[in-house]
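Novice: I am attaching a structure below and will ask some questions about it afterwards.
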């Protein structure tokens, strides 16, 4: 691909901005759709119909966490790009930053998880804790570190009422610590991604751009990578693993991270392709960039399969009751078909397709694979969140859901609705971020290195 | 006077820098030469494109090497653990549904066979090992591991001509042009 060497004369001094009627139209539609459907969702979640509220709580969690992973992945790629001192990706770095900058807005969609009205259907342990806390002489704060590691009186109450497992897990699973972590997830990574994006954007208009901001971003990406790791791991623990408080898996954080990194890269690939086909970034994005991104897609497809299998393998071999419950639910009935489909659909097929080098250099074909990967990510997260629904609701509301088997009839449409609601919001905030600044860091000293990358 | 017969191997020309070598390689490529090579102390990005080299067929071999390893791993585990001597571990059945237990050896053998295919395929494609190379007869060629950039055009190339090739190398900026001979 050495046909043309890009020089600074080829790159517009003031960069390129997204100015497209179609984009603003899509943004308006997505924003409007999100606003309307959010009202519907609020009605379903907090409205008078208990059955809808119970099933829709799971739909919401599924949709929220799917788009949460994509936004967190944007933060991850920004951090990794800075900390690894990469030159190749300078021209796509702004796309990563923009994807990451959707993250703060995910808080809006996560608010329902803070409400006890929603929590009572999702997290059984919270209901038990609240029952204990409503008793006399049981307090939230009378423990080590003001109750962060669980209060002594609650521990006593749990032991007295035969919740030995919850009493054992109290040091991690208690309301005060859960809410604290929840706030930490959003405050921490929001500060990180906003800071990094600010550093990058400021350079676009600096008449004397230098390497100062690059070094600064690199330094601040080192320790904040830990904040990212904590966020994705423990958010996965708190929001997904907590659906069944008896169940645990030590691979869980890595498993969720693998899907996160893979599918946010898929979003970055699709965005880059769409931008280029709309006439932007013609000089700075080459087939070499798509080749590298395709390689990362392949790498994380393999990583996802490796981690997912490891988790299954450990649980299958050890045969511990508290662990196998996850796969028992998901290997029953139609869910089993889904899980086996995931093995081939999420690993074997994309693996063989992505081995081809020529395909990775073709943006259109690579985008098709990226879209396919995203669809598989939806299936993956559907199978993570939803099979728990019928099992839990049978216990929580036996009058309404006692007759339900593996799935709640009709609840699928709620899943679609929640997915469209959060998805529309995601698209709106993503397009808003893309249009706000230049599409690539046009005064970054490493931009020419990136534009002429060869691998 | 020596009585050994000599055969012309080709021309060796030195270039000043990596970018000079790169540009010269593009011109040699466009002149239609096939049997020639560039020599540099370090890898130059994009040089294979400038030389007009086709993509290696090695990955193709490696894919099938890996598939062979995968199948070997599966059958090795399946035949021993299920067919010949069924082993019941932790009340797990010994049948095709025990396949998760076979995944680790399948994975490892895929890697091993791919690795072997890379190593031996590479050696075969590069026709290695060999004891000597005619270019080692040149004194200046030793600098290719240090600070010099060379292009060597072989005499067995159909486009090769004693005068034409020499003038081409001069034209594209080559210096210290040397005719390399090998003993027959």
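Residue 1 is the first one shown; counting continues down the chain.
Even glycines carry a Cβ here, placed using N, Cα and C.
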Novice: For the transmembrane segment entry in TrEMBL, name the matching range from A:58-80, A:127-149.
Specialist: A:58-80
Novice: Select from A:365-384, A:385-404 the stretch of residues annotated by TrEMBL as transmembrane segment.
Specialist: A:365-384
Novice: Which of A:26-46, A:101-123, A:175-193, A:296-318, A:365-384 has the most Cβ pairs closer than 8 Å to the transmembrane segment (A:58-80)?
Specialist: A:101-123
Novice: Can you tell me which parts of the same chain pack against the transmembrane segment (A:26-46), counting only residues 6+ beyond its ends and a CB-CB cutoff under 8 A?
Specialist: 52-53, 56-57, 60, 112, 115, 117-118, 414, 417-418, 420-422, 424-425, 427-428, 431-432, 435
Novice: For the transmembrane segment (A:365-384), could you work out the same-chain residues 6 or more beyond its ends whose Cβ comes under 8 Å from its Cβ atoms?
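Specialist: Cβ under 8 Å, 6 or more out: 62, 65-66, 69, 240, 259, 262-263, 265-267, 269-270, 273-274, 290, 293-294, 297, 301, 330, 335, 338-339, 341-342, 345-346, 349-350, 353-354, 359, 415, 419.
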Novice: Residues sitting near the transmembrane segment (A:411-431): Cβ under 8 Å, six or more positions beyond its termini, same chain?
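Specialist: Answer is 23, 26-27, 30-31, 33-34, 37-38, 40-41, 44, 52, 55-56, 58-60, 62-64, 66-67, 70-71, 98-99, 101-102, 105, 108-109, 378, 382, 386, 389.
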Novice: What stretch of A:175-193, A:296-318, A:338-358 shows the most Cβ pairs under 8 Å to the transmembrane segment (A:101-123)?
Specialist: A:175-193
